[in-house]
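Visitor: Got a structure here, written out as structure tokens. Questions coming.
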Amino acid sequence: MIYQSPTIEVELLEDNIAHLCFKAQGSVNKFDRETIDSLNAALDSIKQDTSIKALMLSSAKDAFIVGADITEFLGLFAEEDAVLQSWLEQANVVFNKLEDLPFPTLSAINGFALGAGCETILATDFRIADTTARIGLPETKLGIIPGFGGTVRLPRVIGADNALEWITSGKDQRPDAALKVGAIDAVVAPEQLRPAALRMLKDAMAEKLDWQTRRAKKLAPLTLPKLEAMMSFATAKGMVFKIAGKHYPAPMAVISVIEQAAQCGRAEALQIEHQAFIKLAKTEVAQALIGIFLNDQLVKGKAKKAGKLAKKVNSAAVLGAGIMGGGIAYQSASKGTPIVMKDIAQPALDLGLGEAAKLLTAQVKRGRSTPAKMATVLNNITPALDYAPVKDTDIIVEAVVEHPKVKSMVLAEVEEHVSEDAIITSNTSTISINLLAKSLKKPERFCGMHFFNPVHKMPLVEVIRGENSSDETVASVVAYASKMGKTPIVVNDCPGFFVNRVLFPYFAGFSGLLADGADFAAIDKVMEKQFGWPMGPAYLLDVVGLDTGHHAQAVMAEGFPDRMGKSGKDAIDVMFEAERFGQKNNKGFYQYSVDHRGKPKKDLDPTSYELLQAEFGEQKAFESDEIIARTMIPMIIETVRCLEEGIIASPAEADMGLVYGLGFPPFRGGVFRYLDTIGVANFVALADKYAHLGGLYQVTDTMRELAANNGSYYQQA
């Protein structure tokens, strides 16, 4: 053994080839400070052994290296610039040391080689991957750029255009795509990875492969003619800004760094990368996006823990077909859990199967699936007009019409047809789980399972714990949602649960502005372009359906009359009474037609303005800051109330629910990250300015206490 540490081992193989193996004690290899120090020491040991003629890097895990240890980031990024600069320089000394070894080097890649893992393989002369490999630099998704030489080496290996596409998108690449652009040198079956890697290294040792020229290219300026460079970077800036927008600076910074470093050697190019990295690491966007990543890990960790308590789900059933039922059936079947789709009407079953087939066909067209896989998934969906195929299923998702009596009747009926230990859930967005549980003989095996529409796109599932729901029931539903590829958050029962409970105060703030004469299109523009929502409130209500919104609003008003009760007609009532339900009947706040791609196209409709003006009088203009304050303050305070009341367990889960369930702007991180960023005291002062607008604008006593103590919702790094 040449070197050994808890994360790395180096041994000598035949023909004087050293083998450096990453073998962390946890489930995956990642670059924390300890591993970087170990790699440095390992490389020193390798350099000192003059018998070594080549080096192979590999992993003892299912993945090569998944990246840097992001749990260290927030604390590190809070340090002074000089500390961050020193950390980057010390880490890059290690990667340079790997690149500068006096013999050929090769990475044998299995599974994920992402972020710092990708930067490791770029520092070697050759790269060979097996078919399980996924390679990429996802740092822009965290609001930063690669910091261990990724922006320097990748353009010199695969060309500037390809590197710009890889790094700005943050997507990981399949081995065939990586091979096509020259990021790797060969793709082999997993069992052939080691022998193929050793053969390639031996060819390099025998000078059949020119490793010195390859290495020299990585150390030199980019070989890109000046005019071509100008055109390439100008085009990239336009395309990337169109996708990333003004709220996400990291992708644009990547272009700037690669452009500036194009005429530089390695040392100077790395300094350019370091300076840009430090600048981005200090931004609120990076704090928010890293926070989302860490919150996502926390939520997934909870789901994994729930899996240990969960009842095994081998088969499922959804009651109620149609678009929603078809979406749930598709999601379950495509992730490997066979499902019965039961309805009382054949046309509804046809619609549900059609929805699943449509989604699968789209996957095949995009090259993400094959006709054979599509057939397998469709065969995993069993349509039924009676309960016979449902009786042996492990979990049932009731997804019939959103009406308490209908749901209660269906739940009582299905309980008579399933086994004693089958789990029963309701996909409801507003109806009390405790109320529905009264229709069951065994309420302990029942809870809510709220999917968001469209099911195949929306990552969140709210798992609603009723007062009688057992721990095993909740854990089993969480595990099933995870198996379906969803992110489950557990919430306690209350009107609207979590997501809808915090959404409708936002709509109330919007309605209040319209009652005071604001233009709904102007509000949408501010909330989309400035605050960063994917859709403004008027557009979102049109997409959700104003009939659905009107019903949910009534449920919320009944549940929280002191804050959400209405004294008169609002804009949602006006649209509902005029039978303007949104996209579903092509008229809501906006009017809709179908574009050339078959997608809904929205336009302004004079009738909407006439209806609103007749009810609320002449329009008047509002400043952007007031629009943001009057819509967001109610949502933020209601989110805090949910935490204080124990409806949601933690700020992390609340923020994930908002980002994944409502599209809360990721660069703001969620309500609690946003509060910490602007300061709780500043928010309280802002809310007090609008307190005269009613109960939705009244901050809680706990918020005032936190503000007085200069506190925060997340533990400060």
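Our numbering is plain: 1 for the first residue shown, then up by one each step along the chain.
Cβ coordinates are placed from backbone N, Cα and C, and glycine is handled just like the others.
Pasting the relevant annotations from Swiss-Prot:
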- 1-189: region 'Enoyl-CoA hydratase/isomerase' (REGION)
- Glu119: site 'Important for catalytic activity' (SITE)
- Glu139: site 'Important for catalytic activity' (SITE)
- Asp296, Asn500, Tyr660: substrate binding site (BINDING)
- 311-717: region '3-hydroxyacyl-CoA dehydrogenase' (REGION)
- Met324, Asp343, Val400, Val401, Glu402, Lys407, Ser429, Asn453: NAD(+) binding site (BINDING)
- His450: active site, for 3-hydroxyacyl-CoA dehydrogenase activity (ACT_SITE)
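Each of the listed features needs to be described in terms of its position in the shown structure.
Guide: Glu119 (site 'Important for catalytic activity'): 28 other CB atoms within 10 A of its CB, across all protein chains. Glu119 (site 'Important for catalytic activity') falls within a helical segment according to DSSP.
The Cβ of Glu139 (site 'Important for catalytic activity') has Gly115, Ile145, Pro146, Gly147, Gly150, Ile167, Gly170, Ala250 as same-chain neighbours under 8 Å, each 6 or more residues away in sequence.
Secondary structure at Asn500 (substrate binding site), as computed by DSSP, is helix.
According to its DSSP assignment, Asn453 (NAD(+) binding site) is coil. Taking all protein chains in view, 15 other C-beta atoms sit within 10 angstroms of the C-beta of Asn453 (NAD(+) binding site).
Long-range C-beta contacts of His450 (active site, for 3-hydroxyacyl-CoA dehydrogenase activity), restricted to its own chain and to partners at least six residues apart, with a cutoff below 8 Å, comprise Asn427, Thr428, Ser429, Val461, Glu462, Val463, Ile464, Phe497, Val499.
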Visitor: Give me the Cα-Cα distance between Glu119 (site 'Important for catalytic activity') and Tyr660 (substrate binding site), rounded to a whole Å.
Guide: 30
Visitor: Could you tell me the C-alpha distance between Asn453 (NAD(+) binding site) and Tyr660 (substrate binding site) in angstrom, no decimals?
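Guide: Asn453 (NAD(+) binding site) to Tyr660 (substrate binding site), Cα-Cα distance: 12 Å.
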Visitor: In whole Å, note down how far the CA of Asn500 (substrate binding site) lies from the CA of Met324 (NAD(+) binding site).
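Guide: Here the two Cα atoms are 18 Å apart.
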Visitor: State the Cα to Cα distance, in Å, between Asp343 (NAD(+) binding site) and Asn500 (substrate binding site), rounded to an integer.
Guide: 27
Visitor: Between Met324, Val400, Val401, which of the binding-site residues has the fewest other CB atoms within 10 angstroms in the structure shown?
Guide: Val401
Visitor: Need one number for the NAD(+)-binding residues Met324, Asp343, Val400, Val401, Glu402, Lys407, Ser429, Asn453: the maximum pairwise CA distance in Å, whole number please.
Guide: 20
Visitor: Across the whole of the region '3-hydroxyacyl-CoA dehydrogenase' (311-717), what does the mean pLDDT come to? Round it, please.
Guide: 95
Visitor: Per residue, counting other C-beta atoms within 10 angstroms of the C-beta, which of the binding-site residues Asp296, Asp343, Glu402 reaches the highest number?
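Guide: The residue with the densest Cβ neighbourhood is Asp343.
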Visitor: Express the distance between the Cα positions of Val401 (NAD(+) binding site) and Asn500 (substrate binding site) as a whole number of Å.
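Guide: Just about 17 Å between their Cα atoms.
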